[in-house]
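Here is what TrEMBL says about this protein:
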TRANSMEM  B:21-47  transmembrane segment
DOMAIN    B:81-291  domain 'ABC transmembrane type-1'
TRANSMEM  B:83-104  transmembrane segment
TRANSMEM  B:116-138  transmembrane segment
TRANSMEM  B:150-170  transmembrane segment
TRANSMEM  B:177-193  transmembrane segment
TRANSMEM  B:213-232  transmembrane segment
TRANSMEM  B:241-262  transmembrane segment
TRANSMEM  B:274-296  transmembrane segment
Amino acid sequence: MRKTFAPLEALRWTFFVLVVVVFNFPLLFTAATSLKTTPQITAKVWLFAPTLEHYLKIFTDRSLDFPRYLLNSISISLGGTLIAVAVTLPAAYAIVRFGLGRGNLLPLITNLRAVPLIIFAIPFYLMFQTVGLLDTRTGLAIIAAVINVPLALILLVGFIQDFPPEIEEAARVDGAGTLGVFRHIIVPLAIPVLVAVSILSFIYSWNEYLFGLILTTKNAIPVTVGSALFITSWGVRWGEIAAAMTVSALPPLVLGMFGYRYLARALVAGAVKG
Amino acid sequence: MRLSEQRIPQVRPRWKRLEPAVWLLVAPLLLFLLLTLGFPLLANLFYSLTDLSFRNLRSPDLTGFGNFASALRDPVFWGGLGFSLRFALAATFFEVLLGLLMALAFQPILERHRPLLALLLLPMMVAPALLGTMYRLILNDFIGVVPDLAQRLGLFVNFLTPPLVVPTLVAIEVLQWTPFALLILYTALQAIPGELHEAAKVDGANSWQQLRFVTLPLLVPALAITALIRFIDSFRVFDHIMVLTGGGPGTSTTSISIYIYLQFFRNDELGTAIAASLFLLLLALVPLFISMRVALREWGRA
C-alpha cells in the first residue's frame, strides 16, 4: 500500500517545496542580497560568506534616516491598533448582547473593505492640512485605526458571541450595571482575544502604504514609504536597500506566524461554514 | 391585553427599549466613524462642486458639475477603470485557480504538518509596497536574477515596459495573494465532513468523481467569497504598481486609484480627482451591497 503511493507522495512534496521557494523568492533574494558585500551583489554570486555591514550601516549612518522610519512605523501601528480596539470592543459587546446595530451598523462596517481607500485620501489630506495633522504620527495612527476597525469588529463580535452569558448574569444579580459588567467582566475576559486582534491590526497598520505616501513628507514617513524612497535617493546602494527592506518586512512576518489562524477566521467570517 | 403585549415589540423598534448605557458603548465607534468616514464623504461631495486647487485650498468657489464632466471626458479616467477591471479579473482568476489547486494538492501534507501552512502564507504578510520593491530588485538589470536568467536563455526583455509590464504586475499580485485563496479554500476543505467521501466511495465513486461531485460543489460558497474579496482588493490596486512603474510607461499601468492619486498630487486637478473618486464610490456600492447581503445572512444565522 505504502509503496504504491510513494511516487505520488514524492511528487506532492517536490511540488510543495517548489511552490514555497517560488512564492517566497523575493524574501529569500532580498535577505540574501542584504547579507552580501556590494561586489558580491553585482557579481550575482549564489554562495557567499554573510556580512552584516549593510545592517550596521542603515542603523548608524545618520544621513539614511532609517531608524526614524522604523520608529514611525512602530508608533503608528501601536497607536492605530490601540484606537481601533478601544472603539470596537465596547461596540462589539453592545452588538452581541443587546443587538444594537446588528442589522445595519455591523454589516456596513465589516464590508467597508469594498470601498477603495483612495476615495478618502483627498478629504483626509484636506482635513489633516486644516487641523495640522499632516506629516504627523498621530495623523497616520488615526488612519491606521480607520483601516483596522472593520477587522477588529468582525473578530471581537465573533469572540464575544462565544462568551457564556451566565457570568454576566451572575454579576447582574449582584447589582452590576451594563457598564460595570463591561468593565469588570467583558474586558478581562477579552484579553486573549485582544492579543489576536492586536496582532492582525498591527500587521495591517504596518503594511499600509497609500496614506503614508500622501500624508507624510519628512517627519512621519513609515518604513513602507521610506524603503521605496531608498531606491531613488540611494542610487545603487543595493545592500542597504535590501537590509532596510528585510528589517521592515520582519515584524509582520514574525507576528503573522502567530496571527494567521485568526486571520482565516476573520477573513472568512462564517462564509466557509455555509 | 395579551394581544397588545405581543404587538408592542413589533410596532416599536427594538433599539428604543435599550438603556442609555448601551448607547454609550456604541458611541465611541459611531463618533469615530462619523469623524473619519462621514465627514470626509460630505467634504468630498462639497469639494466636487468647486474649483478647488492647491492655490485656493481654503476658499474654493462653487462651480457646479464641471468636475464630473471633465472626469467623464478624460480618456485616462476610463483607461484607469478599464485597467483596474482587467487587472482585477485576471488576478482573481489565477489566484482562485492556483489557490484551489494548491489546497487540493497540499491538503495531505498540511493536515500532517500544520505549521508548514505558515510557509505558504508568508507573502501575504509582507507589505505590498515592500514586496513590489523586492520584485524591483529581482527584475533589475544590474543585480536581478530574472533578467540574468532570461539573458542566458537569449531573451533580452524588459519586464517593466510593454508588452510585458501588465502581465508582470498581474503575476506579482498573484504571487502575493494566491496564499490568501489557499488559506480560505484549505479551511473550507477541512470543514467538509469525511463521511461524505466515505459515502461516495461506498457508492463506487473514484477520486475524480469524488472531487467533481462531492468536494467542488461544497467549495462553491468559499470559492465565491474568495473571488469576491480578491476582486474587490485587486480592483483598487495601488501599492506595488506605484513603486514599480508609478502608473507608466505613459498611462499603460494607470489603475483607477493611481489615476486619482496622479490627478490630485501631480496634475493639481483636485476637482477632477474628487469627482472621479465619487464615481468610484458609486461603483464600489455594487460589491458593498452584494457582500452586505452575504454578511447579513451570515450574522443573522449566527
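Cβ coordinates come from backbone N, Cα and C, glycine included.
The listed stretches are B:116-138, B:150-170, B:241-262; of these, B:116-138 has the most Cβ pairs under 8 Å to the transmembrane segment (B:177-193).
If you count C-beta pairs under 8 angstroms between the transmembrane segment (B:241-262) and each of B:83-104, B:116-138, B:150-170, B:213-232, the highest count goes to B:150-170. Taking every listed stretch (B:116-138, B:150-170, B:213-232) in turn, the largest tally of C-beta pairs under 8 A with the transmembrane segment (B:83-104) is reached by B:213-232.
Long-range contacts of the transmembrane segment (B:116-138) within its own chain (CB-CB distance under 8 A, at least 6 residues past either end) are made by residues 102, 106, 109-110, 144-146, 172, 175-177, 179-180, 182-183, 186, 239-244. Distant neighbours of the transmembrane segment (B:213-232): 88-89, 91-92, 95-96, 99-100, 104, 177, 180-181, 184-185, 187-189, 192, 196-197, 200, 205, 284, 287, 290-291, 294; these residues of the same chain sit at least 6 beyond its ends, with a Cβ under 8 Å from one of its Cβ atoms.
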